[in-house]
Amino acid sequence: MIEVLLVTICLAAFPYQGSSIILESGNVNDYEVVYPRKITALSEGAAQQKYEDTMQYEFKVNGEPVVLHLEKNKELFAKDYSETHYSPDGTRITTYPSVEDHCYYQGRIHNDADSTASISTCNGLKGHFKFHGERYFIEPLKLPGSEAHAVYKYENIEKEDETPKMCGVIQKWKSDELIKKPFRLNLTPQQQESPQAKVYLVIVADKSMVDKHNGNIKKIEEQGHQMVNTMNECYRPMGIIIIMAGIECWTTNDFFEVKSSAKETLYSFAKWRVEDLSKRKPHNDAQFLTNKDFDGNTVGLAFVGGICNEKYCAGVVQDHTKVPLLMAITMGHEIGHNLGMEHDEANCKCKACVMAPEVNNNPTKKFSDCSRNYYQKFLKDRKPECLFKKPLRTDTVSTPVSGNEPLEVITMDDFYA
């Protein structure tokens, strides 16, 4: 027997729809206010979770009913997910919060085969969804005692800076030049049957990020969760899962000088990751998030093909926009470089895919055929074992890959493109 619980709230458009409002994504010029109606199906006798595994919400967009189906992203967090910050005296504080009953979902719109959704339900509905080929954002309005939410399109957000935002990677080499000696991919029979790649990601936010949020590290942690949830929407069709291994906030001071040169900052972060982070936190990729304004139009940089090399599985990202979707695409782009993908070129026939060299104002959240080919070539040539095995804490800089044969020595210049 199924008991259907309906939370009945009227569906309405805000009477002053179209006026300007300041939301988390910035100043929004055109929006409508809706009151979502939650529809939850519970099995009789089922244990009530704070956040159900599946949920449905109804509301209207432009007068048309929308039924939003949501499923909890159960692979968003690693089992040993951790959060780290520092006390005023510099003591490192690491906690391991329970993350099974979390509030991050992916989904679709009923009767819209091309629809997608990436939503958090932590405090109302917050995120984005694709409906009839157009992308909409939704977030709760901060009105006491109200269930009102704003729904708006990306083009209705006032742009703070029209300057094109670029990835700093310059293409001048082919990925097969990186490793001269191929090695064997040693997988168990079970891993061979289900060869789903898993990126165990640690996000490190520097002091400038903490200052930007006035010391509220929960805001940074939520930003990280939201970005990774959205990145999974991009990566799952590629057979790749992005799993949050941890997030670290430098609440007291930076552990190296964060410079306006993205290249120098990437070098420094990669060095710190080897000497510090990798010795205490299992992961196979790390991304550095900073509010530092990088030189020129650069907002990100990463080592191409560095994912399973202990020295170079890293990238740096500037917090360049208030729009969570664009930040997720930016970090997802740099992780793509770590996975061997280069920039989309004219022949890729996709101007707004994830690996486009510029941050597009209307990204598709898809990878081009070129990106798929680069990734498949990376898997074939590099045999990246770390993507198919849970990472272990290591004190070593490089790992033997076939018997006692070590990786051939690779310099920074080999990876920096």
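Each residue, glycine too, has its Cβ placed from N, Cα and C.
The structure displayed is predicted, hence computed values, not measured ones.
Feature annotation from Swiss-Prot assigns signal peptide to 1-20; the stated evidence is sequence analysis.
On the 0 to 100 pLDDT scale, the domain 'Peptidase M12B' (197-391) averages 95 in the predicted structure. Annotated domain 'Peptidase M12B' per Swiss-Prot: 197-391, in sequence order, evidence recorded as sequence analysis.
Under the three-state DSSP scheme, C386 (disulfide bond) falls in the helix class. The Cβ of C386 (disulfide bond) has 22 other Cβ atoms within 10 Å, all protein chains considered. The disulfide bond annotation in Swiss-Prot covers C308-C386 (among others).
The Zn(2+) binding site feature in Swiss-Prot is assigned to H333, H337, H343; the stated evidence is similarity to another entry. Spatially close to H337 (Zn(2+) binding site) yet at least six residues away along the chain are C167, V169, A302, F303, V304, G305, G306, G315, judged by Cβ distances under 8 angstroms. In this structure, H337 (Zn(2+) binding site) is part of a helix by DSSP.
Sequence annotations record features per position, and here Swiss-Prot assigns active site to E334 based on sequence analysis.
In the three-state DSSP classification, C348 (disulfide bond) falls within a helix. Per Swiss-Prot, disulfide bond is recorded for C348-C370 (among others), and the stated evidence type is sequence analysis.
In sequence order, D344, A356, T364, K366, S368, D369, C370 are the residues of the chain that are 6 or more apart from C350 (disulfide bond) and have a CB within less than 8 Å of its CB. The disulfide bond annotation in Swiss-Prot covers C350-C353 (among others).
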Lowest local Cβ density among H333, H343, which the record lists as binding-site residues, within 10 Å: H343
Spatial neighbour of C308 (disulfide bond) that is closest, considering only the recorded positions H333, E334, H343 and their CA atoms: E334
When distances run from the Cα of E334 (active site) to each of the recorded positions H343, C348, C353, C386, the nearest one: H343
Zn(2+) site shell beyond H333, H337, H343, criterion: Cβ within 8 Å of Cβ centroid: C167, V169, G300, A302, V304, E334, G336, M341, E342, V354, M355, P357
Nearest of the disulfide-bonded residues (C348, C353, C386) to H333 (Zn(2+) binding site) - Cα to Cα: C353
Listed recorded positions H343, C348, C353, filtered to Cα within 10 Å of C386 (disulfide bond): none
Same-chain residues at least 6 apart in sequence whose Cβ lies under 8 Å from C348 (disulfide bond): S368, D369, C370, S371
